[in-house]
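Read through the structure below, which is laid out as C-alpha cells, and then see the notes.
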C-alpha cells in the first residue's frame, strides 16, 4: 500500500470512529452457549498504521492486549485477540459479565470504546413427547437447557405454552400429530408424535400391571394349595399313628394274663353241701377235717414264726354210730 492510500485509510478509519461515537455508554447484550466458543466482534478495530493498541477488560481487569510493536498477550489461554474481535474459548458460567474494549491510536489517544454484556445459557435438548391413554394426557419434556420455553402445536395451531421444562395437555381429539418445540436464546429443538390409543384405552402400564397381578395371584393360590396338602398329610399321618398305637395296646392286652376279678354285685357262691347232689352221701367228719387241712394254704413266714412251740392236739375222730342205735337213743328222750 502506498503512502497516499495509507493516509486515506487512516482518515476513513478515524472518520468511522467519530461517526459511531468514541464512547458507547450502553453495553451490547451478547448470548453465549455453555461449552461453546464466541467472538465479541468490534467493527472498525482492525489493526492499521493509525492504531497502536487494543485492550480488552472484564469487570475492570485486563484479560487481553495487543500492541502494534509487540505480540498479543492474554492473561488466560481461553482468551484470544483476533482481527474481528475477542474470542473466548469453551465458555463457562463464570465467563459471563461486562467486557470493555478500548482502541488507542499512535498518539495514545482513545479513539474507540465499547462494552459487551455477555450472558451464558445452556443449550436446550430435543424435547420428548409421551402420553397416557387412560387420562388422555400428553406430556412434553426437555431435560437440558437454561430458561427453556416449550410450545405445543397440533395442525400448526398453538395449544399450550410454558416456561418450564415440562408441560402437560389434555387432548380433545387425535385427528392430527402433535409438535413440541423447546427454545431459549441460544437454540431451538422440536419433536413430533402421532398418538394412537386402543378402543378400551388400555396403556402399556395397565397391561403390565394386570399381568403382574395375575402372576402374584397364581403364586398365592399355589402356596395355599401346597399348605393345605401339607396339613392334610400331617393330619392323616397323625391319625395313622394313633390307630397303630391303639391296635398295639389292644394286642398287648389280649396276649397278657387277665386276673380273675369277681364283681362286687355278684353274690358269693353257695355252700358246698347245698351244691351237692342228693344222691351223694356226706363224708364223715374226719375226712372233712383232713380235706380242709389239705386245702388250707401254707402259712407265711410270719405265721410260721408265731406257731412255734408244742404242736396243738388234733381233734379225735369219733365213729358214727349205727342208724339203729341212734334211733333207740332218741326215742326214750322223746318219750
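Quick reminder: no glycine exception, Cβ is built from N, Cα and C everywhere.
Here TrEMBL flags 1-24 as signal peptide.
Feature annotation from TrEMBL assigns domain 'Immunoglobulin V-set' to 25-120. Residues belonging to the domain 'Immunoglobulin V-set' (25-120) score a mean pLDDT of 87 in the model.
The feature domain 'Immunoglobulin C2-set' is assigned by TrEMBL to 129-198.
The transmembrane segment annotation in TrEMBL covers 202-228. Here the transmembrane segment (202-228) has Cβ contacts under 8 Å with residues 132-134 of the same chain, all six or more residues outside its ends.
Taken from TrEMBL, the feature region 'Disordered' applies to 231-335.
Taken from TrEMBL, the feature compositional bias 'Basic and acidic residues' applies to 238-257. Secondary structure by DSSP for the compositional bias 'Basic and acidic residues' (238-257): 18 helix, 0 strand, 2 coil.
The annotation compositional bias 'Pro residues' is assigned in TrEMBL to 310-322.
In the domain 'Immunoglobulin C2-set' (129-198), helix, strand and coil residues by DSSP number 0 helix, 38 strand, 32 coil. Across the domain 'Immunoglobulin V-set' (25-120), DSSP classifies residues as 3 helix, 54 strand, 39 coil.
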